[in-house]
């Protein structure tokens, strides 16, 4: 009689233990060893060895031949992988983009303090170089810590020059120095809050399957929809739109047409974006109510912290510039001292302080422009991404030569716009009416 039961073979526990003990254990890394990008064990001493691309690049540079872009990218990848510092249990990788500001900024400022003409040339070229690097990295969609390093090091270096060159002259009181120091710490705290999660969207497929009653299947890589369970005439009113991180809210709001579903579908993140969400090319993920990406991605959850960091920086920077100019150019107003300060290049200390003041003025002016644009956008309830889209498509209402762009889609009035901005990130049971399309 066949019972249908199959007896499982007995496993000898002793042989299993022997197999486990026979597996070789990975040797712990010393402070100068690391696992490279090829998965092989390497040492810091051998960082300049076995690099054929670097040898080829040096040979082409000596013979005045052009270097292929692919070879240059491989060289940079190898350098970034081998640029490490000794650390416990293996050498730690250091992002190479944080190094240039630490070296170039003090060098440029010290050279600029030698003469007035050198100062004009260097201080006017620094913003152009920074903007050029900004557009280059955004065009290549690279993540870089250059601007974060430049911002933080600029704050620290300006504070260092202030303590070393300005404060000892006796014109700055202890209370004023305490206020300036507190402002610096508040900037760092607000910036730390702005660096947090801006509101990344998660793919519901990672947490589980989509609801079985979903009428739309949006997993076509070619950008075309595959519709199940509905005819073509009824698609315009029953397509579901996913607006939350969990699959339960997949059908919270409705979309007007299949074209709208296709427009909001993100092929990279494999999800349907809610209203006002965008895909960040730098972070590689969709962000709720994304505004822009600078030193960090600014979205729904950290937009308030970003505005707070900007406002504290502007107040602290203007206060520090005022104290420095009052010490360097005595008995003169701030605006006159900026453009006319006789004898400031008579000694190196005052020349370096004056150069750093002008560097701070340039940075503060740029941040003030960004702050003004942010205040205008908040007042009209638009994000920077929506402004750029309106300018490309030539939609919306433009005022003051394009400084103000009102799309009219989410504008609910000055007070209601600011009230909505003040409540960003708050968890509400019912979504705002503007998120329902």
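In case you wondered, yes, glycine gets a Cβ from its N, Cα and C as well.
The annotation transmembrane segment is assigned in TrEMBL to 94-111 (among others).
According to TrEMBL, the transmembrane segment annotation covers 117-136 (among others). Beyond its flanks by at least six residues, the transmembrane segment (117-136) meets 108-109, 111, 146-147, 150, 355, 358-359, 362, 366 of its own chain at Cβ-Cβ distances under 8 Å.
Per TrEMBL, transmembrane segment is recorded for 145-162 (among others).
Per TrEMBL, the feature transmembrane segment maps to 174-192 (among others).
Annotation source TrEMBL lists domain 'Palmitoyltransferase DHHC' at 262-388.
With a threshold of 8 Å between CB atoms, the same-chain residues lying at least 6 positions outside the transmembrane segment (305-325) that come near it are 158, 162, 166, 171-172, 176, 179-180, 183-184, 186-187, 190-191, 193-194, 196, 291, 296, 298, 332, 334, 337-338, 341, 353, 356-357, 360-361, 363-364, 367-368, 370-371, 374, 378. According to TrEMBL, the feature transmembrane segment maps to 305-325 (among others).
Here TrEMBL flags 357-376 (among others) as transmembrane segment.
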For the domain 'Palmitoyltransferase DHHC' (262-388), the number of residues DSSP places in helix, strand and coil: 72 helix, 14 strand, 41 coil
Remote residues contacting the transmembrane segment (357-376) - C-beta distance under 8 A, at least 6 residues beyond either end: 109, 119, 123, 126-127, 154, 158, 291, 306-307, 310-311, 313-314, 317-318, 320-321, 324-325, 328, 338, 384, 403-404
